[in-house]
Amino acid sequence: MNDQNIPSDDEAVAEKSPLHDGASEVGSASPSSIPRSSLLRRVRNRTISSSSHDSTASLRRRYLNRRRSLSFDLSHHNSPLYKEDLPPFPDHIVQAKVPWWTSKRLQLAVMCFFGFLCLYAQRVNLSIAIVSMVDHSDTPELSNNNSSNLYLTTTVASNRALEAKCPEALSNKSHPGEFKWSKELQGLILGSFFWGYLLLQVAGGWLSERFGAKKVIAIGMFPVAILTLLSPICARASPYFFIVVRGILGIGESVMYPAAQALWARWAPPNERSRLIGLSYAGGQFGNALIFPIGGFLCHYGFDGGWPSVFYVIGSVGFIWTLIWCIFAYDSPAEHPTISTLERDFIQHSLGDNQESFKKKHKTPWLSIFKSKAVWAIIIAHACANYGAYMLLTQIPTYMKEVLKFDIKANGVFSMLPYLSFWLFILISGTIADLIIKGELLTVAHTRKIMTAIGTIGPGLFLIGTGYMECDQKMAAVAMLTLAVALCGVHFSGHFINHSDIAPPFAGTLFGISNTAATIPGILAPYIVGAMTKNGTRGEWLITFYIAAGVYTFGALVFCVLAEGEVQSWGHIEHSGNSNLGNNIDETLTISLHDIPEENRENGTEQYSHIDDGVLQKPSVPNKDVA
């Protein structure tokens, strides 16, 4: 090696900063025996952002400025790892445990759980209420006239045969309702929510990253609760006025998911991300599970004609939750007044440089985002998964009434089962995903891909099976439908949280982008199903299930090919005065082993880095500026 590239004797003093064997997994094995991708991930998860790293960052900059680049070729690594670049967690953080009942991040997850419960209950209440709102007695297939129209005559005959096979069908279809809305109009009303839901997805994430998710969520959820309370009045005034109100309600809810992503980017340690975010989002599916039986009960026994009480009860609960959120939620651990120092330090240290990034105003790398294959993988998978999810969410009660011939009370109970299973699968899959990642059984990318594939292809297959069930096979149909919806919960540990993996500081914005695209199927699915199931026959529903299965599969294939699990080059924010190996590991200095004279390797002269179990000790430089 050229002498001019070697630090002088008065500058080079070897620093000895041994790895922390007790607290850090990195120190428990020789780095040369660990795959580089695993080692990089460990480094990223254990790098702490503190003033003690300033010397390391300054050292790196001085070496690069003077072009004193030393190279060292480890047999298992393309880039070296220096001991002072592998700071362990302090003992008091690693060895002490915060009791779960005092954990503020767990309390936040529980609050988010109930927030999403209210969110979905206010969104889905119409799906169960509309069964009682609409008068089904004058639909063409129930007509007993002697129309000469061949299609209508055939439909009447087939329905009479069906009623002989399923005698409860006639009484179910003659349920009186206030409104004579066509199937197309019902589809427009059910889909109108999603027109509004499109509008503030990206803005919700962007605003949350800059002004705090707490305010954004509160401002969005308050009008949602008020409009839910006013929904019966609006529906009775005009179906088109009701469509407008549902659209405005969608605008309010559109900020919730992007804001939650931005919130958890500040609160969730990487190895707990699947569980904490999964617990939060599971509230939505638990809300679905509750609204169907409660809604069915209120439609049958409630006040003001039954169905209006669904909106009154759910709107009141949403209003109460918003007040609780405003009092007890905080945007970050640093802002929480009662969080323990132990928990705050653990969260901040686990997030490393990303924690500092959140505190700074930064430009969103829009061009890099839309050029990223990883982002497009999320967008496409999210949109395809939502087509099937929204179709099921809005149409399950109608399917159970038209094909399986459940009455309104049984409809609510059996519509609950799929979403109760959905909720459980979100929690289970989140735990499994975190264990896989923490145990390094698979990479983050492979874990997200597998979870996405199971959570999309699986539901499609069971949907097709459901489509072949007749009304005298009710329990088999409910079992198939339950499995189809339950498996949807697995993708919540896949593409649904991949935003935080590839760009933590921009997680809210990324989710807003993908959820905007994923809302379009929410508009299309109810209208497509309404247009294709005008007669409510099993054959018509089977076609809609085949379409959903095809869309599911396409999204899974795209995600498995293009998705990533590591922070992208544009997905972190460089800032002076504090560098993090997790984001800058490829910029570390390297030395080539064959360039070091053998006698110097043996003697460990201060002119060269020492070699200790395959990890270099970087020579120190005096704390002065070097020209």
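Placement of Cβ uses the backbone N, Cα and C atoms for every residue, glycine included.
What TrEMBL lists as compositional bias 'Basic and acidic residues' is 13-23, 602-615. According to TrEMBL, the feature compositional bias 'Low complexity' maps to 28-37. Among the features that TrEMBL reports, domain 'Major facilitator superfamily (MFS) profile' is placed at 124-567. The region 'Disordered' annotation in TrEMBL covers 1-37, 602-627. The transmembrane segment annotation in TrEMBL covers 185-204, 216-233, 239-264, 276-303, 309-330, 374-396, 416-437, 449-469, 475-494, 506-529, 541-563.
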CB contact flag for the transmembrane segment (216-233) and the transmembrane segment (449-469), at least three pairs under 8 A: no
Overall pLDDT of the domain 'Major facilitator superfamily (MFS) profile' (124-567), taken as the mean: 83
Of 185-204, 239-264, 276-303, 309-330, 374-396, whichever stretch has the most CB pairs under 8 A to the transmembrane segment (475-494): 374-396
Contact yes or no, the transmembrane segment (309-330) and the transmembrane segment (276-303), 3+ Cβ pairs under 8 Å, gap 6+: yes
Contact ranking winner - 185-204, 239-264, 276-303, 374-396, 506-529 against the transmembrane segment (541-563), Cβ under 8 Å: 374-396
